[in-house]
Structure formats: C-alpha cells, structure tokens
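Data block below; observations after.
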Amino acid sequence: MFFKEIVMNAVNASFTDYKVADISLADYGRKEIKLAEAEMPALIGLRKRYAAEKPLAGAKILGCIHMTIQTAVLIETLVELGAEVRWTSCNIFSTQDHAAAAIAASGVPVFAWKGETEEEYNWCLEQQINVNGKPWDANMILDDGGDLTALVHEKYPTLLDHIHGITEETTTGVQRLLEMWKDGSLKVPAINVNDSVTKSKNDNKYGCRHSLNDAIKRATDMLLSGRRALVIGYGDVGKGSAQSLRQEGMIVRVTEVDPICAMQACMDGYEVVSPYKNGVQTGKKEDINLDLLKNTDLIVTTTGNYHVCDSAMLDTLKAGAVVCNIGHFDTEIDTNYLRGYKWVEVKPQVHQVYRSENENDYLILLSEGRLVNLGNATGHPSRVMDGSFANQVLGQIHLFQEKFADLPASEKAAQIRVEVLPKKLDEEVAAAMVLGFGGVLTQLTSVQADYLGVPVEGPFKSDAYKY
C-alpha cells in the first residue's frame, strides 16, 4: 500500500453527551473531513501556526452554526488550538448527518440532525447550554444568525458574566447584534465576521455563485437554461446568486431597494425591475406587476429581510414556478401564508404548494423557504468556507485574549461594541487562501510602499476601501 490509510473514528461507548441522527455514519464523515482539510489551507495553516501557543486554551465555546463537513474542520481547529466546544446547528435542515456523527465520535458534544422540528431545534440549543442540569461555564459564543446569542441574553443572562465575546457569521445575525447594541441590550463585545472581506466576498458572493444552481438542480432536476429568474436583492449574496443562474443560461432580472446596488445590477447587465407597479409595495394583488410575475419561472430571495416575497406575489406568480431562499431565515418568503394551501411533499425539502383545486396551479417551494443551498444541497465548497471559518478562529482568539469578562464592571460598558476584524488579519486569511491556490503574491519595494503610504507588509488599503 503506497499511502497512509485514514484512521477511522472509534466511537467511545461511554461518551453520550450528544444527539445525532446516526452515529454509525462517523467513518463516512471522517473521510469527507479529510478531503475538506485538503481544501482549507487557511484553517490548517492556523493549526500549524498556533500549534505550540494554544491561544484558545481555557476557552469554552458555545457554537451554533450549520453542522457541515466544513464546520467539522472549524470545530477541530478550535479544539486543536486548546478550546472546549459544545455545538448545535443554526438551521433545521442544514446539518450533514455524517459530519455531526464524526464530530460526536471524536468526543465533542454536538446536538444536530437534518430535518429537526422547531421544538427539536430549541431542545438542541438547551442541551448545548446545559450540562447535568445546569448551565455550562462557557466563556465564548460563536454564532450564525443570532439565535444562540438571543437565547443566552434572554434566558441565561447570568452566563454573560463569564462571556468574553461573540463572533457572528452572517448578515442576519449582525443585524440583530447591531439592534441589540443600539438599544443597549448587548452585554458583551462582538465581532462581525460577515463583513470581513474574506467572508463577504468568498462566502456571500463566490459561495452562492457555486451553490445556488447546484441546489435548484438537485431539488428539481430541471434544465434552467432559457428560463426566467427573479433575484430579490443585489448585495453580495444577490450578486453571487444572479451569476449562478446566469451561468446556467437563465434570463435573470433583479429587484432592489438600494439605488447603489440597483446601479451595480444595471452595470452588470441585469434588468432591474419591481414585482409591484411603480415599485410601491402595497401587498395588494391589484398592484402586482403581472407582466413580470406571470413570466417568471424562478424566484430566489437573498436579502435577510422580511416578506420580500409576499402573499400577493405568491398568489400571482406563474403556476409551476420555483420559489426558494438563500438568505438565513424563512421569513423572506411568506411561508406562513402558504401554510393555508395544500402541500404535497415530492421528496425531502421539495414541496408542491397547490393554490387551488386545479392540478396545474402549484408552486414548487424548496427547503420550506429556508436556506436552499444547505437544505437541498451541500452548501458552499470547502475552499470558500475556508476564509469564513479562518475569520471565526481569529475572531475567537482576538476576543478571548481581550478577556472582557475579567474587566472591572466600571470599564465594561466602554468595551461593548460590534466591529470587524482588523484589516491586517483579513489580509492574512486572504494570503493563506492565495497560497492554497498555488498563487504567488508580489511584494512591494520600500520605495513603492513609501509612495503609497502603506507598510511593506500591509495592510495595503484603508478601512474605507471598497473591494
């Protein structure tokens, strides 16, 4: 044999602090984790860089993020750097059961399986927080969407006395953090991982470019070429989604509220339209732009906002159209309204929603309006998630070393904030990713650096620079 055989997980029967769908999937998960590690040079580089220092020794992290193969690499990186973790998924459909099994088999407490009910999802969060009937002495939070952060603040506020900080992965969670900071309910500092360039451009844009069309094709087996799509929102997620559909040959239109994003869509060659006449969202069927919606084969929401695909739009949309969401929560599409109709499950996370007794009058709803690329497929590639998760690790180290919880009470208020990682750390993640692609960065000469007014080793752009 010319290669080293992968050592499979040996499940310790005495370890029971987990709940997954099928622990026997652990070996399968371990094989995929090894493949993912080869595609995640930034994370593996952090393991090597901090192997001796163990900067997270003493960290006890509550983690709530999609329990995927790529997340398994993140978890094991945190553990290798000294942390203890307890994990849940942030979405009822996004868990990859073999990934959860592999993590459980390695001795890490994890509570996640694909297809949880809302009640089971909440149960998992409670199991994560509580050990032997009382709250775990956690001192860090790693979140995606803000559910864990909200639960700790609202139900377990005494835990916050020991929490050094929160790192938040996604747009929706950052919005919630900013609201909490504004109204004074945020009690610890937080790092906005979402707006690191190596997260927002990789995950939000390039990741969605890869994974959206993959999810739709797996769910429907449809040829997308020549069909008409409406992308709601043209932020980074919307940009990647529009590219994803265009590269499949779809005719893509965009709807936007932000004139700058709308201008970008125009410059990128997309027609900017509105589902409502004159762009005024009244919620009334008589004000719907019928010419648009009756000629739309696919709607995808990308905004992180509320009811951007509302009941009036759903009732007037072309029969047989596909409706899906690649934002975080299921509130972008008014799925509660659709619950009043007859649902027929075609296969897991694919439903025909019949709007009348006419057998042809249905919509195809994917992932019940939740995150389609993880509900109907396997999400972003490992190489994309490498940047996001390297930022999470650096954010956890940054906040853990600040030791907010150890500050005198009189000094804490001034330290509560929501901020992005320093640009130098963002550039370090990017450099590791470039190296992973086999790229070679050119170094500035001292003369060039002086001319630009930047250090030779960076950071190379001001904080105001728009990538």
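Note: Cβ is positioned from N, Cα and C throughout, glycine not excepted.
Summarising the annotation, Swiss-Prot assigns substrate binding site to THR68, ASP144, GLU169, LYS199, ASP203. According to DSSP, THR68 (substrate binding site) is assigned to coil rather than to any helix or strand.
Sequence-distant neighbours of ILE326 (NAD(+) binding site): residues of the same chain at least 6 apart with a C-beta under 8 Å from its C-beta are CYS208, LEU212, VAL237, SER241, VAL300, THR301, THR302, LEU371, VAL372, ASN373. Taken from Swiss-Prot, the feature NAD(+) binding site covers 170-172, ASN204, 233-238, GLU256, ASN305, 326-328, ASN373.
Rounded to a whole number, the C-alpha distance linking ASP144 (substrate binding site) with HIS328 (NAD(+) binding site) is 9 angstrom.
The least crowded of the binding-site residues THR170, THR172, judged by other CB atoms within 10 A of its own CB, is THR172. Once Cβ contacts within 10 Å are tallied over all protein chains shown, the binding-site residues GLY233, GLY235 are led by GLY233.
For the binding-site residues shown (ASP144, GLU169, GLU256), fewest C-beta neighbours within 10 angstroms: GLU256. In this structure the C-alpha atoms belonging to ASP203 (substrate binding site) and GLY235 (NAD(+) binding site) are separated by 12 Å.
Calculated from their C-alpha atoms, the gap between THR172 (NAD(+) binding site) and LYS199 (substrate binding site) amounts to 14 Å. In sequence order, the binding-site residues near LYS199 (substrate binding site) (Cα within 10 Å of its Cα) amount to none of GLY233, GLY235, GLU256.
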